[in-house]
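Okay, so here's the structure we're looking at.
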Amino acid sequence: MDSVNNHIIFILFICIGTVSAIVEFILICFLLCNKKKGVIFILVVALVATNCIHAISFCFIGIANFVPLAKHETNFTTSQICILSKPYFLFAIISAKQSPMISCSIAVVQLQNACSIKWERRKLLSKCLAYVIFLLIICVDGSSIFYNLNGNFGKGKISTICSHREIVPHIAVLCDTITILLFSTLSMLLHISAVLIIRSKFSNSPAIRQIQSNRQKAILRRLKILVAAQLLHSCIFVFCTFVEVLSFATPTMFYVWCFFPFFKAGNSIVYANIVIPVIHKFKELYYNLRKLLNNLYNSLFHCAHKVSATEC
């Protein structure tokens, strides 16, 4: 990678990492101001905080490497030594591996809540099918976590940046990427099946639908959010896999990887919607900032007018 591409890539690391960290920090403030309690709330806060650390790590990687790669003469024999020698690389790896674990925990809690839904006797077959799907989702998500913890997808990119040469073989990274993609796609399809089965439980009569439990509707809404998160996760891995096949360890791959914190921020927004209305909160923040700027502008204009009147 030449010095021009090197500068551009690490400038993108700094800018995108900073923007993503700010968005994640605002989300954390929204969540903590909500003062809710419960397992889901704690897990969502932990997920957003982990993604925030990941974005900050990207920013520090960009700052620490904002020099041509040719000037780095350190040569590490393994990716582990390279990563452990630099804290920001270590935090990037740890946060990237913790995020799927927290996401899986959120899914497990939601599935546990879905199991508590009351089913009609004539729909016991649907209930059994739903339980089987819930069990499959947990197994698939667990397998995906295993590959995230032990795979080479993130480690391959980090070690290439850290040691400035390809340590993890291309084929190993590609195989792990495709495996995680397959697990993610299967999990998304199973979540969609669970949503459809639970929706079939609701009556077609509008009068009866209004009587049905708000808690059940909330569970269904949260499962839909999990489907959206899985869809986002699958899309990013499809794109990464496509780029991996075409251009591994080239500037193109690193340009794509620069935007990974944006994906994490989008994922945080999707999951935060489980406990708070994120879009409404951002609109409220926008209007408050706009009001503050208008008041500041009016104050400055008033002061300038008073100064000019005094001089006259």
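Any Cβ shown, glycine's included, is placed from N, Cα and C.
What TrEMBL records for 6-32 (among others) is transmembrane segment.
The transmembrane segment annotation in TrEMBL covers 39-67 (among others).
Outside the transmembrane segment (129-147) by six or more residues, the chain places 100-101, 103-104, 107-108, 111, 114-115, 176, 179-180, 183-184, 186-187, 190-191, 193-194, 197-198 with a CB less than 8 A from a CB of the stretch. The transmembrane segment annotation in TrEMBL covers 129-147 (among others).
Feature annotation from TrEMBL assigns transmembrane segment to 167-198 (among others).
As annotated by TrEMBL, transmembrane segment applies to 225-248 (among others).
If you look up TrEMBL, you'll see 254-276 (among others) marked as transmembrane segment. Proximity of distant same-chain residues to the transmembrane segment (254-276), defined by a Cβ-Cβ separation under 8 Å and at least 6 residues beyond the stretch ends, is recorded for 1, 5, 8-9, 12-13, 16-17, 19-21, 23-24, 27, 30-31, 34, 36, 40-41, 44, 47-48, 51-52, 54-55, 58, 99, 103, 106, 157, 161, 222, 225, 228-229, 232-233, 236, 239-240, 243.
Only residues 6 or more beyond the boundaries of the transmembrane segment (6-32), in the same chain, are considered here, and those with a CB under 8 A from a CB of the stretch are 41, 44-45, 48-49, 51-52, 55-63, 65-69, 251, 254-255, 258-259, 261-262, 264-265, 268-269, 272, 275-276, 278, 281-282, 285.
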